[in-house]
Amino acid sequence: MENKYTHGVLFYHEHSGLKNINQGIGEVTTALSSICKHLSIQLSENEGDIIKYCQEIKTKNYAKDVDILFILGGDGTVNELINGVMTHDLQLPIGILPGGTFNDFTKTLNIAPNHKQASEQMISAQVGKYDVIKINNQYALNFVGLGLIVQNAENVQDGSKDIFGKLSYIGSTVKTLLNPTQFNYQLSIDDKTYSGETTMILTANGPFIGGSRIPLTDLSPQDGELNTFIFNEQSFSILNDIFKKRDSMNWNEITQGIEHIPGKKISLTTDPAMKVDIDGEISLETPIDIEVIPNAIQLLTVNDL
């Protein structure tokens, strides 16, 4: 097989979700080395390392011939690479290999959940261009959320149940595991303003959150638009309804308890200030400014058969 790329760099974190990261590295390099003349394997020891390596690749200090990047890890590790590529304007394709708790965006790319299978898919995968979310000075592929979704992420970090990941818990157990905090919000989306009280706001680029598809057939990370959802109902059985419906369901048939607002530029303030979940990483607080950057990143995509 002819090598597609000259020099690929495979990033990984030793605290990846894989039980044996070294074994995982070995399992993916067979396929990756078949499409790269030269494959570098780069450990990220500390948070922020991948962003530094992206800077070195941009300035050619890492190597002069890097023409593709791979990442083995969960959404948090992928998020760091996305930030490195966007911050340093690396016009390079990225191949994502699942290796963590969730890899929501790999579902969008039709990539297998198993890292070894995913690496084999990279051989025939095609490069697609995707929108990126900019949040203040950070970047994300999939979503920005606050309220209940942040409480959920903090529960996961504490080793508790992942409500969004285990949908059977939504509705009944959510009230016992979490006491959703009401907060006031002021939202501006493409110069239209919205305000009120809620327990959760989500802005989505991709169609999957927590492993489940948002039932909007036209939600796409390639349409130059973001989708904001305001959860107006206090009853969280509504979440169960949303995530269990099929794609063919009309949004308005499901519930009147969630407001859906598409848009490109978003400003959000809350009272009190709220923590913000960006693709599973909690690193900001409100107020925040959000915008979509169309066709900003190149990702290896498996053709949907």
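In case you wondered, yes, glycine gets a Cβ from its N, Cα and C as well.
Features of the protein shown, as given by Swiss-Prot:
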- GLU281: active site, proton acceptor (ACT_SITE)
- SER44, GLY74, ASP75, GLY76, THR77, VAL78, ASN79, GLU80, THR101: ATP binding site (BINDING)
- SER220, ASP223, GLU225: Mg(2+) binding site (BINDING)
- 3-139: domain 'DAGKc' (DOMAIN)
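The two recorded residues SER220 (Mg(2+) binding site) and ASP75 (ATP binding site) have their Cα atoms spaced 19 Å from each other.
SER220 (Mg(2+) binding site) is surrounded by 16 other CB atoms, counting those within 10 A of its CB over all protein chains shown. For the residue listed as 'active site, proton acceptor', the Cβ neighbour count at a 10 Å cut-off comes to 18, with all displayed protein chains included. Comparing C-alpha positions, THR77 (ATP binding site) sits nearest to GLU281 among the recorded positions ASP223, GLU225, GLU281.
Counting only same-chain residues six or more apart in sequence, the Cβ atoms lying under 8 angstroms from the Cβ of SER44 (ATP binding site) belong to PHE11, TYR12, HIS13, GLU14, ILE50, TYR53, THR77, GLU80. Separation of the C-alpha atoms of ASN79 (ATP binding site) and GLU225 (Mg(2+) binding site): 20 Å, rounded to the nearest whole number. Sequence-ordered, the extra residues of this chain that approach the Mg(2+) site, with Cβ no more than 8 Å from the Cβ center of SER220, ASP223, GLU225, are ASP131, ASP218, LEU219, PRO221, GLN222, GLY224, PRO262. With helix defined as DSSP H, G or I and strand as E or B, the domain 'DAGKc' (3-139) counts 50 helix, 43 strand, 44 coil. Taking the C-alpha atom of the residue listed as 'active site, proton acceptor' as reference, the shortest distance to any of the binding-site residues ASP75, ASP223, GLU225 belongs to ASP75. Counting every protein chain shown, 26 other Cβ atoms lie within 10 Å of the Cβ of ASP75 (ATP binding site). For GLU225 (Mg(2+) binding site), the same-chain residues lying six or more positions away in sequence with a CB closer than 8 A to its CB are ASP131, PRO262, GLY263, LYS264, VAL292. DSSP assigns the residue listed as 'active site, proton acceptor' to a strand in the three-state reduction. Comparing ASP75 (ATP binding site) with ASP223 (Mg(2+) binding site), their Cα atoms are 22 Å apart once rounded. In the three-state DSSP scheme, GLU225 (Mg(2+) binding site) is classed as coil.
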